[in-house]
Amino acid sequence: MKSISCGKEYTEDVRNINIRPEQLDDFVGQKDLIQNLKVFINAAQTRTEALDHVLLYGPPGLGKTTLAQIVSKELRVSFRATSGPLLSKAGDLAAVLTTLNAKDVLFIDEIHRLNRSIEEVLYTAMEDFCLDILVGEGPSTRTLRIDLPPFTLIGATTRLGLLSAPLRDRFGIPLHLEFYSFEELVNIIKRGARVLSAEIEEDAAREIACRARGTPRIALRLLRRIRDFVEVKDDKKITYEVADSVLLKLGVDKMGLNKLDMNYLRFLFNTSGPVGIDTISIALSEDVGNIEETVEPYLIKISFVKRTPRGRVLTDQAKEYLSFQH
């Protein structure tokens, strides 16, 4: 009986995982990138070689981790995942690399956060498939070389500019993920609703897409939260009225802007002239990295903010939008 009582919770976890596509043909958006990736994968399989190292870069929530997992499934190899902050010393990297089998995929998220000493160890591993480890201390120190099987490193970053040039140049397949179109987001939301067994009206899906900032992760997160309200109220489906009401409760306006976005815009609006990112960070009590990664990309995309050599400035379009806000 215990297994039955856990069934609903387990099914929910599986559904949330299954919202992610599992093969390239099911991946919505990034059309040119996907087509190129298919060619690279097919070529590697034809030659029975490991796929060349891949660098996925772009704003958060666009599918970098999902793509890395799909690549390993398309290649029919094992997938190992870690992140830059977790690899603090050479031994951490060696422990991961020595568990890989031939052609396996190693995914390093936030690869821009690797320290330089780890990068230097990674150079040899990526180019020559070997590790040079220092053994011993003082005069007796020697280098121990460990051979590695050919593998594929997939790095993901939201801040390409923070990668050192030597590391960036060692990726044979750099791929830039862009914001998704409105129609692509609508399709992603509909697919997510099917996986979650949630009935959704066309107008509701389109309203969520309007406020999802061109980002699938945000679209699916909003969908889940709206579904929560629908289930608690015992409604039968997600309608436009329900979606609009819940999104307003969540603090997401018609443009997909949240409280932090509005605070950012209002600060620029009330400050004369261009404003530096450090000044904005202090005024909003927000980390510079968070502002540059999660706030500014979308505001720049919708032409609300411009970056200039002297700092950030509001566009006339943003000023007009703010004038209509309460």
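Using N, Cα and C of the backbone, Cβ positions are placed for all residues, glycine too.
The DSSP secondary structure for Gly61 (ATP binding site) is coil. Summarising the annotation, Swiss-Prot assigns ATP binding site to Ile19, Arg20, Gly61, Lys64, Thr65, Thr66, Glu127, Asp128, Phe129, Arg170, Tyr180, Arg217.
Around Thr65 (ATP binding site), the same-chain residues at least 6 positions away in sequence with a Cβ under 8 Å from its Cβ are Ala81, Phe107, Asp109, Ala156. The annotation Mg(2+) binding site is assigned in Swiss-Prot to Thr65.
Neighbour density for Arg307 (DNA binding site): within 10 A of its CB lie 13 other CB atoms from the protein chains shown. Annotation source Swiss-Prot lists DNA binding site at Arg307, Arg312.
Positions annotated as region 'Large ATPase domain (RuvB-L)' by Swiss-Prot: 1-180.
Taken from Swiss-Prot, the feature region 'Small ATPAse domain (RuvB-S)' applies to 181-251, supported by sequence analysis. Broken down with DSSP, the region 'Small ATPAse domain (RuvB-S)' (181-251) shows 50 helix, 2 strand, 19 coil.
Per Swiss-Prot, region 'Head domain (RuvB-H)' is recorded for 254-326, and the stated evidence type is sequence analysis. Break the region 'Head domain (RuvB-H)' (254-326) down by DSSP state and the numbers are 41 helix, 9 strand, 23 coil.
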Which of Phe129, Tyr180 (the binding-site residues) has the most other Cβ atoms within 10 Å?
Tyr180
Within its own chain, what residues at least 6 apart in sequence put their Cβ under 8 Å from the Cβ of Gly61 (ATP binding site), listed in sequence order?
Thr215, Pro216, Arg217, Ile218
Compute the C-alpha separation of Tyr180 (ATP binding site) from Arg307 (DNA binding site), stating it in Å without decimals.
22
